[in-house]
Each structure stands twice: as C-alpha cells, then as structure tokens.
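Q: First the structure, then my questions, so here it is.
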Amino acid sequence: MDAFKRNLEKLAELAIRVGLNLEKGQEVIATAPIEAVDFVRLLAEKAYREGASLFTVIYGDQELARKRLALAPEEGLDKAPAWLYEGMARAFREGAARLAVSGSDPKALEGLPPEKVGRAQKANARAYKPALEAITEFVTNWTIVPFAHPGWARAVFPGLPEEEAVRRLWEAIFQATRADQEDPIAAWEAHNRALHEKVAYLNARRFHALHFKGPGTDLVVGLAEGHLWQGGATATKGGRLCNPNLPTEEVFTAPHRERVEGVVRASRPLALGGTLVEGIFARFERGFAVEVRAEKGEEVLRRLLDTDEGARRLGEVALVPADNPIAKTGLVFFDTLFDENAASHIAFGQAYQENLEGRPSGEAFRKRGGNESLVHVDWMIGSEEMDVDGLYEDGTRTPLMRRGRWVV
C-alpha cells in the first residue's frame, strides 16, 4: 500500500473512531459531495467494521445547485427539502451519528445573481433548523471530516495542474488531521489533552469579556452568563465523547448576544455556499451588527444576515493560536473547517447549548445571553498581529494572546 492510500485509510479510521467515536449498533447518517463517493465507501467500510448497524449517505451536487439557480422558477427558490431534514433530525434524536464530509468548490456559484443565491440559502436554513438544533444541542455524536474536492484544490493551488493541486491538498489534509503520523489515534489523544488544559484554564478564570485588538479591529465580546469553554473532544448529552471537527485547533465559548461592542475586520476570506466573501468589516452596538460590509460577495453575506434577527448577533467566539500546524502552512484554504482552525474567529448566528452551564434551552438559554438563529457562520479575525485580553467584571485584564500566540 502506498503512502497516499495508507494515510487515506488512517483518515477514514480517525473519522469513525476519534471523530464519531462510534458506538456498536449505532446508525450513521452521512452527507458528502458527490465527488467523494470513493472516500465515502471507505468511511462506510470503517464504520461497519466498528459495528455500525446502518450507514446512509446523502450526496450533494454543486452542479445541480447551479442549474437550479439558473433555470428554476423564482418561486421555486423558496422551497427546501424540509421532509429530509426533519427525518435527519428525528434520526439524530433517536441516536444516529452524524458524519459530514466537507469539501466543495468555493467558487461554484460565482456569477449567479446574489439575490437568487441568498433566497435559496435562506429557505434551506429555515428547513434545516430541526437538524441544526439536534446538532448544536449535541443530542448525538457528530463530526466533520475533509475531502480534497478538485474545485477546492484549484482554489487553494491556482497555479498548479488539477492533479497536482489535489495531491497537495490531500497532503495538507493528512498533516492537519494528523493522519500522516505513525499513530494518529495516540496523536489525537495528546492533542485533546492539550486543548482540554486550555479549556480548564479559561473556565477557571470566569472572564466577563474578551478584548480583541489588531489592524482594523477593536472589539469587546461580552461572554454569556455561566459560559463554558469547550475544545477538542466534547461530550454529547448522553455523555459520549466525540471530536466534532477534524481538524481542530480551537477553544470556543458563547458570547452574550447583547454585549458585543466595537469594530472588527476579517483576516481571511469566507466561502459561503459557493460564493467567496472577502474583506468583511462589521461594527457592533449592544451585540447587534449595525454595519456590515465586504469588499467582495457583500450581497450574498447581507442576504444571509437578513435570515433573522439573531443572524446579526454572535453565537460563538473562538481562540486559535497563529502558530498552529494549519496556520503555519501559510495557505488560505477557502474552507471554514480549515480556515477557522488557522485563526481566532467569531460566528454570526446560533450559539451552542454546550457552551452554557447546564445546557439550558428556550427562555433560560436566551436569558443568559445565548443567541438563537437559523444560521451559524464562522469568520476569521485572528492573525499574527492580533492581541487578546480576558477582561474581568471589575475592569482588570489578563493577557491571553500576543501577536496571535498564547501567553498563558
């Protein structure tokens, strides 16, 4: 077996054993780009060897999405397969694991009318809500694992022939996920321990807010009452550990939906449903993004933020060191799974229940500052020029990051 096949086998095994931490007899519901069919078959093989009772896959096709946006009647863009998402949500609540294979062409929908793209995305977000709630509530174990989609490879390595670009992207994936190491599972155990140490430190400090200061950014993010930091392996409501993201370098918590003030600029592009959004700037008052601009893709971003009132508020704040393995590649991946783990970031939209003590829901969740929305969109703000302080309620502060690196 050559090195590529060996690393691909290791990645698939990581997804099932470390990402999902699959339980014997558990069902798996997978979503994947249609180009990933061979990788999905390998994932299914690993899942069945670990005792999966049923592996069901739902494929997505960006070419079909593009044809729909170009040819379907306008009123058809308000439709989405609610029946499918309701079924997925029911399966998750009944114990099925959720496996997402990521990887897509970040430019697949470029050139299409932004109002059409936004309309379809809004309809899909509404229909997907039951499934999103089950995921953000951690009712079951779930993970995201990357696939080197040719369109994605072309975006990351635009000067290379496609075959070489795909090979280089796979190498980056194997490195970032630790699949290229001799014992990837042991490497992940050590990595999870390191992330959990940072989580324990931050949870012990009980900061009132975080202050981000860097070029174009002077932002104070208030933290939700009874907030909890998370990172690495996370427990579901039933107590089963899973690693939601392969790779991951972040520790994250819930902002207070009404206590975000200041200005912030993105440090990396955002791939938003087949459209690249670059140069994002936002100004917050009392937690609400009163001004949002982008140098490219602004209309698609605006339409997403018009989904509901919570879409212009923050649901996540994450700290990521600028000297981690993904950041040190020097690559811009045009993929949230990778770029969010190369830089500190914030997210518009839905907050995670796991980031609040006791995992409250409904009015209790909102009362403590948890944000609710149909969307959850991470965008990157960290860099080697970013400083981050933890602020206490009395105004004193503790340096957490200097020039993008941990100092604690």
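Note that Cβ sites are derived from N, Cα and C of the backbone, with glycine treated the same way.
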Q: What does Swiss-Prot list, out of E225, E316, E372, as binding the same divalent metal cation 1 as E250, E340, H345?
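A: The record-listed residue among the candidates is E316.
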Q: Name the residue among the binding-site residues E250, E316, E340, D378 whose Cβ has the smallest number of other Cβ atoms within 10 Å.
A: D378
Q: H376 (divalent metal cation 2 binding site) has how many other Cβ neighbours within 10 Å of its own Cβ?
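A: Its Cβ shell of radius 10 Å holds 20 other Cβ atoms.
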Q: So, in DSSP terms, is E340 (divalent metal cation 1 binding site) helix, strand, or coil?
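A: DSSP assigns E340 (divalent metal cation 1 binding site) to coil.
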Q: Other than E250, E316, E340, H345, which residues of the same chain sit close to divalent metal cation 1? List them in sequence order, counting a residue when its Cβ is within 8 Å of the Cβ centroid of the site.
A: F252, V317, A318, V320, N341, S344, I346, A347, D378, M380
Q: Can you count the other CB atoms that lie within 10 A of the CB of H345 (divalent metal cation 1 binding site)?
A: 25
